[in-house]
Amino acid sequence: MHFNQKKHVSHVSHHSSHTTKHVVKEHSSRKSSSKSVNQVQHTHATEAMAEPAYTVPAFRQRSADEIEEYQRVSSHVGKGLASIQKELHRMKVATKTQVENIAITREVQEMMHKKMTLSTETDKAPDFMVALRPHTVWEKTPVKLFCTVGGHPRPIVKWYKGGKPVDPLSAPGKYKMESKYGVHSLIISRCVVSDTAEYSAVATNSHGSTTSKASVTVKSEFTSILTCVVLVFSSVPHMTVIHHSKLEITMLDRFGVSFGTEGGSIRLVCTMVVVPDLPNVPPLAQWYRDDKLLKAGKLAEIKVGGGAATLTLPHLAKDDEGLYTLRMWTKDGTTEHSAYLFVKDAAPSVAGAPGAPISIKAFDINSDYVLVAWKPPNTTNEAAITGYFVDKRESGSATWSQCNDSPVRICKYPVHGLKVGHAYHFRVRAVNSAGISRPSRESDKVTALDPAERERLQGVPSAPGQVVATRNTKSSVFVQWDPPKHPNHLMGYYIDASLVGSKTWAPCNHKPYKHTRFVVHGLTPGETYVFRVQAVNVYGLSDESQESTPIAVEPALTTPSAPHGITMLSCDGASMIIAWNSPKHGGGSKINAYYVDKRDADSLAWKEVNSAPTKTRTYTVDGLTEGTFYEFKVQAGNLAGVGVPSAPSTPLKCEAWTSAVPGPAYDLAFREVRGDSLVILWKAPVYTGASAVTGYIVEMAKKGHHYHPLNEEAIGHCYLQVNGLEAGAEYTFKVKAVNAEGVGKASQTSEPVVAKALPGTQEIQCGVDEDTGDIFLSFEACEISETSNFAWSKNYKEISDCPRVAIETKGKHSKLTFVNPDVSDLGAFSVHVTDTEGVSASHTLTEDALNTMLELSYNIRHPIVPLKHQLNYEVLEKGHVRFWLQCLKMSPAVTYRFIVNDKEVTSSDSHKISHDVNTGVIQMTVDHFSKASEATYTVQIHDGRAKNQSSLVLVGDGERGCPHFAEYLSYHVDDDCTVLLVCKVANVKKETVFHWFKDEEEIVLETPPNVMSGSVALPISLFSRKDQGHYKAKLSDDRGKDTSVFDISGQVFDDIINAIAHIAGSSASELVLQCTPEGIRLQCYMKYYTEEIRTAWLHKDSKISSSEKMRIAGTAEMAWMQIREPSEKEKGHYSIQIMDATKSHTRTFDLSGQDRGRVVGGLPDVVTIMEQKTLSLTCTVWGDPSPEVTWFKNENEVVSTEHAKITLEANKFASLTITAVTSEDSGKYSINVRNKYGGEFVEITVSVYKQGETTPAPLASKTPAQTPTPAQTHIPQTPTPSLKSPTPSPKSPTPTAKSPTPTPKSPTPTRRVKSPSPARSLKSPTPPRK
C-alpha cells in the first residue's frame, strides 16, 4: 500500500458484540430485581410466623382473585426469563462462530497473499524508491524524515545522526521510528538547534546495503524580524561537524618498494579490514612523503573506502621520490606502513642531454622580481652541466617564456620584469654539450607583490569551508557554511549567488555578516542557484569558498494544508456528488491524493468514505440514507504525507434533486489576472435539470458591493474575460447555469481575487523562427516550481496530442509551434503554469497576423539571392567577351557555377571567372570568342540557403541559331482571375520541346504547349499562397536550348494578389444576408476570392477581427462573415472593403432592423367549410421594418378580387376573405410574410363540401407537420435553406426580375418553416459568376 494511503481497519462484529453486551446487562438487571423481590417475600413470611399477634393492614390484604393473578404473572415472568436466557446463549454461540470464521478467512487471505508474494517477488538488493529529503524547521517544532525502500528479502533500515546510530532510549520521547508498507520514517519531536546534522538511513538485507542522506537545519526563533532581505540567526551555533569514529583497522595487502618513471603515473594501495564498516563513516587515512603530510590535489589523488586506501601520483617527477607512509587512525591509536618510491629520469629528448632539475622554489618575492632556486640533477654518463635556462608563465596561461638569454651556471636566478599583482609559475631546464634537458616540474604559484602588501595579504583570512544550501520558501534559500581555518580577526562574510549556467555573480548582502548561516531572499521561484562565501577582515577579502551544490528555489517539503469549499453538485436520494477546492498551500510537492470522511450531522463519529485515494476534486459518496443530513471533510496528500483535514462541511441533506433548472457550476478558477482584467473559468454543472444547459450568467462583486451580472445574455462556453477592473481592488464571482427552464442555482462564491499582475509577468510572444520559418507562440514564466507543467489551450480547451501543433518546454520557457498553419488555427491560445500562484497568459491569433507570418515563413524557407542585373554580356578588345551579372547583396561565403550548354566551366586561362563581394558582380571573361563559343550561358548562385540563377543564349551576328525566348517569362491576370505565366519563343521547329518546372519539379499539362504558335502560357487557377515558388520554362531541340525563370514570391506575389483583388473587388456584389443554423451570415459574391486578398470587415466603422463570435472566412466564390447567436449588440451598419494596390472596393449592408417578418398567430392548420359560406383567414403579422404579405393558393399567388379579397390593416392584421365558397376554392393556401431580414410561410388546408354531405375529416397524412417556431430573438436564427426555394412562381404580379437567379417552382414549404429566401426587393444571395 502506498505510503500516503490511510490504513483501513475493519471492526468486525462491533455491532453484534455491542448488542450482546446490552442484552446481558439488561438480563442481569432483571434477574437481580427478581431476587430482591423473592427475598423480601421470604422475610415477610418468617416475620409473620414469629409474631402471630401481628395484624396485616387492610391495604396489604389481597383477595383470592388477586393472589391468582399474581401467581399467573410470576409464572409468565419466569418463562420469559428462561426464553431470554436461551436466546442469549444462542447469540453467544453464533457470535463466536462468526468471529472464528472471520479469523479463519483472514488467515487464509494472509497465507494466500504471502504465497503470491513469495511466488512473484525475486531476490533484490535494497533500493531507495523515495530518498530522504533535506528539511529546514524552526525550534520546538517536529520534523519527519521518511523514505521508501524496496528489496527482497525485506530490508532492515537503521537511522544515523552525524554518522552515529540514533538511539530512541537515549532521549525518551525524542525520537520515534516507524516502518509501514516499505515506508520508513524518523520523527524528531520538539527540535532544538543541536538537532542540526546530517541524517542517514541505511537499508540492509542479505544482498547488500544502501544509504540515503539528508540534512536537517533547525532555525532559532527571534523576538524581532528584520525588514531587510535577510534574516539574522545570531543565537544559532555553527553547523555540526561530522567527526570520524575510532575504528578497528587491520591492514592486509600493503604496498612495497615501488619504481616509477618521470612523466608516468603510479598507484600505492593498501587494503584493510574496518570494524564496524559504515559507508557514511570512512576511516581517516593520512599519507606522508619524507614525513611531510600530502594534500589531495592535481599532483596527488587520495581515496579511502571500499576496504582500501589509495594514493595516485598521476604526473610523476623526481620530486616525488621519497619514503611514503600511510598512517591510519584506529581505536587504539594509529597504525602505519611505509615503503620507498624511486623515480628515474625519463628518456632525454636528445641523446646525452642531462636530467631535469628538481625542487624549484621562489624566494625573496618582490613587486617586480623574484629569486628562483633549484637543485641540480644527478649526472652519471652524461656530459657535465654547463648551465640552466629559467622559464616563466603567468597563472592561467599555457605559454612559457624564457627568462635568461644565456645559461646561468649557478642554481639560482633573479627574474625581473614581473607585473605587480600577477601570479607566475617557474621551471628550469639543464644544459650540457649534448643538448637541453626536459623541463622540471613547475613551481608553486608566486604573486609579485611588495613585501608590505604581502604581509597584508598574509593577514587575510583563509577561504570559508563547505557551503550547504537547503530549501526554505518559494523565493528564499537557507545557506550555511564552515568558518575559515585561519580567521585572523574575522569581521564577517559576504555571500554571493549565481544562476546555474551563468558566470555572473550577484551579492546577497552588502554588509559583512557575522554568522555562518544566512537566508537569501528575493530569488526567482523555480530557478536553480549556486552560492559561495568570502570571509573579510581588516586586511581584505579571502578567496572564494567552493560553490555549493545547485539547488532549485522551492518551498521546504511539507504536507499540504486543508482543502476547503466543500459543496454538493448532485444528489439522487441514495448518493451525493461532492466537490471541493484544492489546498491553498501544496507543501512544495504535487498533490496526488484526497481522502473523504463523512458522518451523520447528529453524530460525532467520522467514517472513511474512500480507503484508496482519489486524484480528482469530485467524489461520489454512495450508500446514503434519504432524508438524512451528512457532513463531510477532506484531507489532501502529497509526497510528504497526508495533511490536516478540512473543516466539516455544512450539513447536506440527502434528498433527490428534481428541479427543472440546472445545478451549480463548480471549480471556479482564474487565469491571466492583470491590473484591469482577468479570465474566469468554471466547469459545467453535474446536474443539468430538465433540459440541456444552454449558457451561463456570471456575476461579480467588488469588495463591499453587491453582486451584478456581467453578461446580459447567457454565454455558451465555460470561460469569460472580464475587463474594466480597478487595479488593486478585490473581487469575487458566482456563476449560474441556464437551460430552457430558467436560471439555475448559483455556484459557490469564488476565492477573492485581487486585480494585480504577478511581478515579472510576461505575455505570449508570436513570431517566425529565423532559421526554420516555423510560426510559433512562446511564453516565459516569471516563476515555476519543481512540479510545474505548461498547459496550453485553444479557446480555453486544453490541447493534448494535437497533430497541428508541437509543444516544447525547457526550464521556464515553453514554445508552441504550428504544423502547416491555416485559418483553422485562428483563435485565442492560452498557457497556464501549474503549481504556481496563477502564472498564465493568452494571445489571439488573427487572420491578418497569420497571413503576414505565413509570407515571412515562406521567404525564410525559400530564400533567393536578389539580382540587380540578370546575366548580360559585353564585347571587349581583342575579341574578348565578358559575361556578368550583379546581385543586390552577397556574403563572402557565396558560391556559384558557370554552365555552358549543360557543362560546367571552371576558371582557366581562356575563361577567367571572378566575383566582387562589395559590388555583387560575378563575371567570366572568354578569350577568343568564336562560332564554337555560341551556346546557352547560365550562372547558378548559392549563398547560404538562398539560391538563384540567370541564363543567356548567345549566337553570332546577333542572331540566335537555336530555339530561344523572344520574351522571357512574365505574368498576366485574366478577367476570371486566372494567373497566366506567359512567354514568347522564336526559332523553333516541330521537334522543339517545351517543359514547365516549379521548384525543380516538372509540371505536366493535359495539353502540351504549342511552341509553333510563338507564345506559351501556363494557367494557374485559384491562385493562392501555395502557388509561390521558382518557375522555369525550358526550350530545347538538337540545335540547343534556352531557359527562362520567374520567381513568384515577395513583391511579385503581392503584385499578382493586388491584380486579382482589383478584378474581384470590381465584380463584388452587395452584401446579402443568409440565415444559418448558427445565426446569420453576411456574404459578398465575387469572381474569385482567396484569403490572401486584403479585406476588412467593419461594423459601425470599427474593424472586426475574426473570433468565435464573428468568424471571417470565405470560399472561391465569396467572402463571408458568420455572426453566431446574434443579439442587440450586433445590429448596425456592416461593410466589407476589398483592397488592391490603388483603391478600396466597399460593399455594405444595413442590419439595424428589429426583426424578420413572421406570423404571430391566428391561422388554423385545416379549415372545413360548406359551400356558399364565407371563409375568412385572418392572422397577425409582425416584422421590423413592416413585412410584405403575399397569399398563395396551390403555389400560385392570389390576386385580390370581389370573390377573394385581401386586406392588411395597420401593417399588422392580414386577412383573405372568400365569399360564397365553392368546391373550386378547396386546396392548399399559404401566406408568405417577409421583409429584408427574412420571412415565414404558413400553410392552411381548405376543404369545401356540399350541403347535406358528411363533414369530411381532415387527412392527417396530407397535412404537413408543424415545425416549432424557434425561440424569439431580435435577429433570427434560421436553418440552412434547402435547394427547393418557396419563392412564388413568375405568375405573381409583383415583379421578381431583380433576382439574377430565378428559382424553379417547388412545393409550398411546411407550415411555420422560416423562409430562407430574401425579400423580393433584395438581390438573390446566390448571383451567378460572370
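Just so it is clear, glycine is given a Cβ too, placed from its N, Cα and C backbone atoms.
Where the annotation comes from TrEMBL, it is an automatic prediction and has not been curated.
Here is what TrEMBL records for this protein:
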- 1-37: region 'Disordered' (REGION)
- 1-22: compositional bias 'Basic residues' (COMPBIAS)
- 126-217: domain 'Ig-like' (DOMAIN)
- 237-325: domain 'Ig-like' (DOMAIN)
- 356-451: domain 'Fibronectin type-III' (DOMAIN)
- 463-556: domain 'Fibronectin type-III' (DOMAIN)
- 559-657: domain 'Fibronectin type-III' (DOMAIN)
- 664-760: domain 'Fibronectin type-III' (DOMAIN)
- 963-1049: domain 'Ig-like' (DOMAIN)
- 1171-1247: domain 'Ig-like' (DOMAIN)
- 1255-1330: region 'Disordered' (REGION)
- 1263-1286: compositional bias 'Low complexity' (COMPBIAS)
May I have the DSSP-based helix, strand and coil counts for the residues of the domain 'Fibronectin type-III' (664-760)?
0 helix, 46 strand, 51 coil
Give the one range among 237-325, 356-451, 1171-1247 whose Cβ atoms make the most pairs under 8 Å with those of the domain 'Fibronectin type-III' (463-556).
237-325
Taken over the domain 'Ig-like' (963-1049), the model's mean pLDDT:
89
Helix, strand, coil residue numbers for the domain 'Ig-like' (963-1049) per DSSP?
6 helix, 51 strand, 30 coil
Using DSSP, tally how many residues of the domain 'Ig-like' (126-217) sit in helix, strand and coil.
6 helix, 58 strand, 28 coil
Taking helix as H, G and I and strand as E and B in DSSP, count the residues of the domain 'Ig-like' (237-325) in helix, strand and coil.
3 helix, 42 strand, 44 coil
